[in-house]
Structures are given as structure tokens and as C-alpha cells.
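Residues or ranges marked as Fe-coproporphyrin III binding site by Swiss-Prot on the basis of sequence analysis: Tyr13, Arg30, Arg46, Tyr47, Ser54, Tyr125. What Swiss-Prot lists as Fe(2+) binding site is His181, Glu262.
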Amino acid sequence: MEKKKIGLLVMAYGTPRKKEEIEPYYTHIRHGRKPSEEALADLQERYEAIGGTSPLARITDEQANGLAAVLNEQQEDIVFVPYLGLKHIDPFIEDAVQKMKNDGIETAVSIVLAPHFSTFSVQSYNKRAQEEADRIGGPTIYTIESWYKEPGFLQFWKEQIENEMKKADSIDDLCVIFSAHSLPEKIIQANDPYPEQLRETADLLADMANVPNYEIGWQSEGNTPEPWLGPDVQDLTRELYAKKGYKTFMYCPVGFVAEHLEVLYDNDYECKLVTDELGVRYLRPPMPNADTRFLKALADVVTKRLAAVVTK
């Protein structure tokens, strides 16, 4: 019997794959407005600092294909066909939905490579996918809104944190800073669950890994005049050092799933500048990337979503 094909729509932010794509990528983020020469030079310098371009494009491909491979090892009657849809660079989300339609895919499950729900990220990805499917008459897409409580995801971070804590001279002198991408403060007025989901993730992981001292921070805020969620991780580091005198800071950007510009530059370069300035130790566990433990956790998320549909 031929296996039923189901589309696996993996959505992510996207990143420039080469230097020539930096300007059009940021122009898309800015809704068609080109960045100034000064802003563009700053962006190019950041990419140069992490090796020229971000490894995110490669990692996202590995995550999408790896997730499909894990799912297909588990399934007997279904074959998942991966489609990558990106927010700010090709293949765009709409391209992926169109390709599924062209390939004869009638049913798909979508997952965003971000564990926490927010109106700015996950909701906007799912909305774009659904609107395109409605426009072209299919496929039927079953969306996933968040997966930060998935046991395998939490277990992955628990193990990473425990391994990294072994490097600290004293657990009492260590502070773990859990972080995610900052968003405009106005999401709080809209009752967006994003900040609370980060807090919940931090509490769960601190409990699982027996972390005695931890705080919540925000990072990588946009360059706009409106207020963004804080405290910023760098300011928080200075404040905690002044008040508590911690000798080691461990940064856990649990809102991200890959080593990209926000981690390799904003954490490994900018936060490390702060810890060096304070004369304290900098630690950061390896990110999920395409780690098998992480891919299995995502596979569990997708399988549960599909089961909920089938059993209705």
C-alpha cells in the first residue's frame, strides 16, 4: 500500500546566505525601506565578526530535513515531505505553500522554529501560510502554536545546562540568564503570552537542572523608537554583578533554536565583552541546531498535532 504523503511545513525567520543578500534581506524586514549606508555597514560588520555570514541557513535546512527523517523513521503509513518557508528571504512561506499545492499535497502540518508563541512571530507565520492556502485552494494546514513545554525540548536544555554548570568553580557564584528575542512592549497590553512563556520555561528548566540562581533577560531588540521588553541581557549582567557579585554568568537563549547572529554576536561577542569588562566568566551551552535529541522532541510535537486531528 502506498504511504499517504503529508506536507511538513517548517517555518523560520531566514537569514542571508551570502553577503550580497544582506541588503535585500534587511530591506524586506523593513517593509521595503532600504537600510541606511551606516546601518548596512554596521550589519555587515556584525556578520564579518561571526565569519562573514550566519550558519543559520545551513542549520535551518538541516533541521527541516532532519525532522522529516526522524518522523519518517517512526511512521508506517505516512511519509512526511519537508517544505521550508521563510519569513524574510526565499523560499518565502507563500512559496512553500504553493509548492505543496503543486506537488499534490492535500494535508500538511506546520511548525515554526520558535518554541514560544507570540503575535509577532508564530501567529504571523501561521497567518501567512493559511492565507496563501486559502488563496490557492489548499492544502489543509494544521498549525502548531507553541512547543516550549515539550518534554524532549526541556530535557535537551536541562542536559546542556547541567554540562555547562560543571565548568563553574562554585554553583553559588553562578547566575544563569534565560533569554529570548525582545519584542515591542506593546505586546503586553495585547495580553500576548510570550513573556509569560519565557518565564515558565526558565522556571521549569531551573527546577529540572537544580539551578540555584537565575534571571530572565531579553536580547537583540530592534532599532526602533518604541520601548522594547527588558531588561536587556547586557544591562542585566552589570546589574546582577553590582548587586550579587556573581563570578560566572551562563547565557541560555532558550527562545532561539540555532547558533545564528543573535547568539554568535549578541551573546558570544557582546555579552562576553561585558563579562570580560567585569572580570567574570562567560558560559553558553551549545544550541539545539540539528541535535538528534532536539529533532526527536520536534517530531513528538508534530506527531501529537497530527494525532489530535486524526482522532477528532
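First residue shown is number 1, and so on along the chain.
Glycine residues also receive a Cβ, built from the backbone N, Cα and C atoms like all the rest.
Sequence features, as recorded in Swiss-Prot, placed on the structure.
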residue	record	DSSP (3 states)
Tyr13	Fe-coproporphyrin III binding site	coil
Arg30	Fe-coproporphyrin III binding site	coil
Arg46	Fe-coproporphyrin III binding site	helix
Ser54	Fe-coproporphyrin III binding site	coil
Tyr125	Fe-coproporphyrin III binding site	helix
His181	Fe(2+) binding site	strand
Glu262	Fe(2+) binding site	helix
(message) At 10 angstroms around each C-beta, which of the binding-site residues Tyr13, Tyr47, Tyr125 has the fewest other C-beta atoms nearby?
(response) Tyr47
(request) Quick one: give me the count of other CB atoms within 10 A of the CB of Arg46 (Fe-coproporphyrin III binding site). (result) 18
(message) Using other CB atoms within 10 angstroms as the count, which residue among the binding-site residues Arg30, His181 scores least?
(response) Arg30
(request) Measuring CB to CB from Ser54 (Fe-coproporphyrin III binding site), give everything in the same chain under 8 Å that is also at least six residues away in sequence. (result) Thr15, Pro16, Tyr47, His260, Leu261, Leu264
